[in-house]
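Summarising the annotation, Swiss-Prot assigns Mg(2+) binding site to 9. Residues annotated as ATP binding site in Swiss-Prot, with similarity to another entry given as evidence: 15, 167, 168, 169, 235, 236, 237, 238, 246, 252, 253, 269, 273, 277. If you look up Swiss-Prot, you'll see 43 marked as K(+) binding site, on the strength of similarity to another entry. Look at Swiss-Prot and you will find 56, 99, 246, 277 tagged as L-methionine binding site.
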């Protein structure tokens, strides 16, 4: 049997790029909670002792940007300079302007257009992907890398591994078999974890704790064997981390946010963007479409693409590819997708309830992936029942 190796990586919430994603989405949540019609394009950058929030926001909401920044950093665990950032004493810079009136008139007519008339906030193309290799209908390499990162944060915050600090990265290589287009994971080939730590812990303690408290609870035993390779803090030392170690910027972890390198990506980031930005809402609706195709038994694996022009409600194109795993021809599946999903941005916002803020709704998406999550706020993960004529056995 021919096999191949595929690798996906993740970073946890203390990575400086992810800190920025979370601040940007915390701002979005605050805007939508007070004003669901808010138009938000919020970027964040960070370096030692500094967080800057900038972009274009038009909203009726009264937003305390500095408080949002400090609260978000504090919740992550950046509470002193020695861990990479001090939430209460770092500098916070804010440079927010209103949305360009040229964009506003073209996209939503300065809030005069009905939902079905709202145009895309920009041009672009987005991809949704699904595969039957996991219960989440997500790639196993991505799922495991993401869950390892989430587990790192969990054992740091609950005190199981008190030597952990907020920053960290994970990577998982899985050995796969290609079953006529469907992906069948056979085993985990390599596990890589690089995590920030305090100065007192030894490398042996790090390796022991990571295997016992992070890897074993996350990776099913059936995927591990005597040949699985473990690289646990292979650089030997990772005390300096967070914004002290590296600069951070919103939108630099788009593969981690999506499918871990599987499928495809149109290049647009998610965090800090309201639903008129099809980089986000378009990617959410095509994930629901791809997931629904697989969940309804139309295919074992599927990718869906949609594309837009700025100011135009209707998509320019919709594309479906089932990698040869479709139960019926892809052309018929494409017709089913077009009949069951409304790709107009205003209707995506309504059908996926994307204008609802509060509950840290979009902040939750900004770490550990936007897809494959079991959370009622992730409305795009709800499978739509699709009607199709199943061929007789």
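Backbone N, Cα and C atoms are what each Cβ position is placed from, and that goes for glycine too.
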## Note on the structure
From 9, 56, 273 (binding-site residues), the ones whose CA sits within 10 A of residue 43 (K(+) binding site) are 56, 273
### Message
Within a 10 Å radius of its Cβ, which of these binding-site residues (99, 235) has the fewest neighbouring Cβ atoms?
### Response
235
### Task
Drop a 10 Å sphere on every Cβ of the binding-site residues 15, 237, 253, 273 and tell me which sphere holds the fewest other Cβ atoms.
237
### Query
Restricting the comparison to the binding-site residues 9, 56, 99, 277, which residue's C-alpha is spatially nearest the C-alpha of residue 246 (ATP binding site)?
9
## Note on the structure
Of the binding-site residues 168, 237, 273, the one whose Cα sits nearest to the Cα of residue 56 (L-methionine binding site) is 273
#### Entry: Close in space, distant in sequence - residue 168 (ATP binding site), Cβ under 8 Å, 6 or more apart
11, 12, 14, 15, 149, 152, 153, 193, 194, 195, 196, 241
### Task
Could you tally the C-beta atoms, other than its own, that fall within 10 angstroms of the C-beta of residue 56 (L-methionine binding site)?
16
### Task
Quick one: of the binding-site residues 235, 237, 253, which has its CA closest to the CA of residue 9 (Mg(2+) binding site)?
253
### Query
Looking at the binding-site residues 235, 237, 253, whose Cα is closest in space to that of residue 277 (L-methionine binding site)?
253
### Task
Find the one among the binding-site residues 235, 237, 253, 273 whose C-alpha lies closest to that of residue 99 (L-methionine binding site).
273
